[in-house]
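Note sheet for the following structure.
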Amino acid sequence: MSVKPEKPVWMSQEDYDRQYGTVGDGENKTAIVEKTTITTQSSSNVVVGEASKTSSDIGANKIQKRKRHDDFALEEKKRRERERRLREEQLKEHEIKLTAEKITNVNNLVREHYNERTYIANRTKRNQSPIIKLRNFNNAIKFMLIDKFTHTGDVVLELGCGKGGDLRKYGAAGISQFIGIDISNASIQEAHKRYQSMKNLDFQAILITGDCFGESLGVAVEPFPECRFPCDVVSTQFCLHYAFETEEKARRALLNVSKSLKVGGRFFGTIPDSEFLRYKLNKIGKDVQEPKWGNQIYSIKFSNNDYHENGNEFPSPYGQMYTFWLEDAIDNVPEYVVPFETLRSLADEYGMELILQMPFNQFFVQEIPKWVNRFSPKMREGLTRSDGKYGVEGIEKEPAAYLYTVFAFKKVREHVE
């Protein structure tokens, strides 16, 4: 008799029972309890929200400051909404080329987006972001993932390194060299500035503009002979989905990873959870031609109904495009489903063996007890929910805890082309 898998926290009990059968009386029903948080060890960790009441002795200047702050916040919200609508209109003009004719260079669209986001981010303060708790949660996930698979003295290659947001995390792991490659030249420039401004980073950083997935890495790294290949670690955070535009790009991405790693090296990262995407699509009626879901801070939209028309299966493991919008971060950029079994199969073909795959919420619950006292007080505060537990809540929970999964592979043999 087959063993039923544990119910994902984002799946309703009704859907689980329909797919796997009703839970028996003798089974442990605690599996259905939501596990995205863990209670802090003392009541002192509880963060109380700002007091909403105003006492009679608050000065007029404080009231004026609050009003100015509220006015500014309202204007910022309106500005972001205008930018989002403009981006949606621009994207609609490209959808036919992106989906049917496939002649638009998605790399250019992604590059332009992240160049633009870099300039916008330089003008805004991170702690004013409407998704600050989501950012904190994602950072915690990366801290724990990097620490788990990175060792002292390692040479690290990060594909899609962005603005170098993980440099300090790798510094804490004690690496000796960091090679970062990203398609956005503006992001690489910002990563250079970040590295130069950071103190006590005892490792060499080589930051390169290049295409990690569309061509051989040799094209990008050839002018940098100081890069110490093969590496101990290859990491890709929130970007591998771009490689699944075509089978050719996905294979090139995995070949780049394999050729860059020494035997025994680790390849790890974060990607959208294909099972969660399938779950959400299954919840939408089959007559909906452009399936879409989300909330006030994020949305995902498929431009066709191929999934339902193909019997609730993607017609191909490659090229299954959707557009993703995340408030203050992603502006309706094309992304691609990464069927995890396809990723695992490709990795195996290129000499890498799966050692970990786990949704964010489960990974967080598993690892956070080891990290409660290792995180800084500021980090712990940023992870504390309104109920005194560590995690993420409200409208930020779905795009943070449920949408993504962590993975890790180990290179066990050389790939022979």
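All residue numbers here begin at 1 and follow the chain in the order shown.
Cβ coordinates come from backbone N, Cα and C, glycine included.
As annotated by Swiss-Prot, domain 'mRNA cap 0 methyltransferase' applies to 129-412. What Swiss-Prot records for ASN138, ASN139 is mRNA binding site, and it gives sequence analysis as the kind of evidence. For LYS142, GLY160, ASP182, ASP211, GLN237, TYR242, the entry in Swiss-Prot reads S-adenosyl-L-methionine binding site. The feature site 'mRNA cap binding' is assigned by Swiss-Prot to LYS163, LYS169, ARG194, HIS241, GLU335, TYR404.
Features per Swiss-Prot, on structure.
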| residue | record | contacts (Cβ under 8 Å, 6+ apart) |
| --- | --- | --- |
| ASN138 | mRNA binding site | PHE238, THR270, ALA400, TYR404 |
| ASN139 | mRNA binding site | GLY165, MET379 |
| GLY160 | S-adenosyl-L-methionine binding site | ILE181, ASP182, ILE183, CYS212, THR236, GLN237, PHE238, CYS239, LEU240, TYR242 |
| LYS169 | site 'mRNA cap binding' | LYS142, PHE143, ILE146, ASP147 |
| ARG194 | site 'mRNA cap binding' | LYS163, GLY164, GLY165, LEU167 |
| GLU335 | site 'mRNA cap binding' | HIS241, TYR242, PRO272, MET321, TYR322, THR323, PHE324 |
Exercise for the section: In three-state terms from DSSP, label TYR242 (S-adenosyl-L-methionine binding site) for me. Expected result: helix
Handout entry: TYR404 (site 'mRNA cap binding') - helix vs strand vs coil (DSSP)
Key = strand
Practice task
Rounded to whole angstrom, what's the largest C-alpha distance between any two of LYS142, GLY160, ASP182, ASP211, GLN237, TYR242, listed as binding S-adenosyl-L-methionine?
Solution key: 23
Practice task
Look up GLY160 (S-adenosyl-L-methionine binding site) in the DSSP assignment and report helix, strand or coil.
Solution key: coil
Practice task
Look up ASP211 (S-adenosyl-L-methionine binding site) in the DSSP assignment and report helix, strand or coil.
Solution key: coil
Fill in the blank from the handout: Out of the recorded positions LYS142, LYS163, HIS241, the residue with the smallest number of other Cβ atoms within 10 Å is LYS142
Handout entry: Three-state secondary structure, GLU335 (site 'mRNA cap binding') (per DSSP)
Key = strand
Exercise for the section: Fewest other Cβ atoms within 10 Å: which of the recorded positions TYR242, TYR404 wins that one? Let me know. Expected result: TYR404
Exercise for the section: Among all chains shown, work out which of the binding-site residues ASP182, ASP211 has the most CB atoms within 10 A of its CB. Expected result: ASP182
Fill in the blank from the handout: Cβ atoms other than its own within 10 Å of the Cβ of GLN237 (S-adenosyl-L-methionine binding site), all chains, total 23
Completion exercise
Confidence over the domain 'mRNA cap 0 methyltransferase' (129-412), expressed as mean pLDDT on the 0 to 100 scale, is 95
